[in-house]
Amino acid sequence: MDSITSYNVTQMNGDTKQEKCDDVLSTSSTQKFCGGCRKKLRSLLPVNYKTEIVELLKLAGPVFISQLMIFLISFVSTVFCGHLGKTELAGVALAIAVINVTGISIGSGLASACDTLISQTFGSNNLKRVGVILQRGILILLLACFPCWALLINTEPILLAVRQSPNVASLSQLYVKIFMPALPAAFMYQLQGRYLQNQGIIWPQVITGAAGNILNALINYVFLHLLELGVAGSAAANTISQYSLAVFLYVYIRWKNLHKATWDGWSRDCLQEWGAFIRLALPSMLMLCVEWWTYEIGGFLAGLISETELGAQSVVYELATIAYMFPLGFAVAASVRVGNALGAGNTERAKLSAKVALVCGVLVSCVVATLIGCTKDVIAYIFTTEEEIVSRVSQVMIMYGFFHLFDAIAGITGGIVRGAGKQLLGALCNIVGYYFVGFPTGVSLMFALSMGIIGLWIGFFGCVFLQSLFFIILIYKLDWKKATQEALIRAGVQLTETKDESFGLENKGCTEEAAKESQITEEGLTDANTDLEGLSKGGEGISEAGAKTTVGAVLTTKQLIVRRGLAVLLMVLILAGGIVLNEMLVRYLR
């Protein structure tokens, strides 16, 4: 009996050992299999791609949040005005549209010149020149307020001319007049944001934007609910909120010393190179404004059909704005990364940033488009309970998913174009795409075929499809070596050939003529691309010794006084002309 028991125990122990061996072998096999999978995944995604994805996401995520904060300022104002009445709500909605078209879009577009100038200069490590570019932007954007004011002061005549209700037009003019002093603050907030984001600093905009929105909600509540100031209270709340955003961000920059590396005090150099700044600023403005204006006009045209079409268009436009913020984050990140790399002379990293940003943005946009498609029948209930509007929005959303994908591609590639400094081609593409293809097609389908806003969005789809195709071809055909040369010139640095025939970067205030005669000519760069890649990783190794803050021909003091004085005089005359025109038109139209 004991022998049988002993045998059984021995047999059990043997079975246990065998099971343990099998478990070990199984675990070992699993680990080998998982390890092999990880190795295969690593081989599919090179290390430099993973690093680039991480860097892009670090920028794109906060950009999305900061843009959402900006959007919420006007959105909250509209929501608070909802209880005032239809006439008041219509007046505020039209006023905000006019402010966006003739004000905010102008400042935001002009500030986009910094997407090229600051990103490339920061990448070159010529840091003090970044501060001078900021000063230049401050002066130019403040002057840009004058023609914007000349348009804004004529809001009522413009609305009366397009047959809006006199009461609505009058309320819109009241709102705009109260908001007008906030325009410089809105412009400065845009410029400060560009100054930081092109250095890879994003979170301050998120933090100050959140604080500004909290203050905006409180002020709207006090002015509209407690004090019952109506439309004037809403405008005053918006004005205070714009100043709070600009002041909060300025204080944060000073508090955290984010300006120390790039700011060397006000310099007379900021009066130089206005032509170079404007040559980038105007196409940048057109790239943004052409698109922005088209959608705003689309809303007005929808109102000519019926209130249902107008309501549906308003909902679709709000949804499109929110959805676009996802690819916008990647567009900004691509612009920053490409500009930084070109300024550092790192051509290959610039191309890598462009590829990774486009792929990541498209993947995220596919997810967003899928979500919109799955919720198309209910998503409009966020904004309204009117069944006719909900049904109309649902019909547009069927097509909008495809529109969003190509809109994302166009937006991200547009960011790459800005980072490379090719805004002129981008502006021409947008003008042709929207005003010669998309908008005429949409309006024809909208009215001639009685398709309403569905026809309008079909026209917009054709536009973004052509846009995305053009930008992809442009980036594919882009001479990246030449783009690197141009970035180095803008950044105030140039290539110098050393004794061992390698290339280095030297900070110089070279003129374009001198640059053409130097080693940075296209012929001199036939074999330089490999050398360029090893020069700098984000600007390291580029000495600031002898750095110049001015590039190109330097104007004398007398020339500066005359030219900048004439610029100021011209802006003041434009504003004066707007005031005189307003007095004449109001009397005539009334």
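Keep in mind that glycine also has a Cβ here, set from the backbone N, Cα and C atoms.
Considering the side of the membrane named for each residue in Swiss-Prot, Arg194 and Tyr588 do not coincide. By the Cβ criterion (distance under 8 Å, sequence gap of 6 or more), the transmembrane segment (314-334) is counted as touching the transmembrane segment (396-416), at least 3 such pairs being found. Counting residues of the topological domain 'Extracellular' (295-313) by DSSP class, helix then strand then coil, yields 18 helix, 0 strand, 1 coil. Sequence-remote contacts of a segment are chain residues at least 6 beyond its ends whose Cβ falls under 8 Å from one of its Cβ atoms, and for the transmembrane segment (232-254) they are 70, 73-74, 77, 80-81, 92, 95, 174-179, 181-182, 185-186, 188-189, 192-193, 196, 204-205, 207-209, 211-213, 215-216, 219-220, 223-224. The average pLDDT the prediction assigns to the topological domain 'Cytoplasmic' (335-351) is 93.
Here the topological domain 'Cytoplasmic' (110-137) has Cβ contacts under 8 Å with residues 144, 187, 190-191, 193-195, 198-199, 259, 261-264, 266-267, 269-274, 277-278, 280-282, 284-285, 287-288, 332, 335-336, 338-346, 415, 418-421, 423, 487-488, 490-493, 505, 507, 536, 538-540, 542-544, 547-550 of the same chain, all six or more residues outside its ends. Across the topological domain 'Cytoplasmic' (255-274), the DSSP tally of helix, strand and coil residues reads 6 helix, 0 strand, 14 coil. The transmembrane segment (431-451) makes contact with the transmembrane segment (275-294), as judged by at least three Cβ pairs under 8 Å among residues 6 or more apart in sequence.
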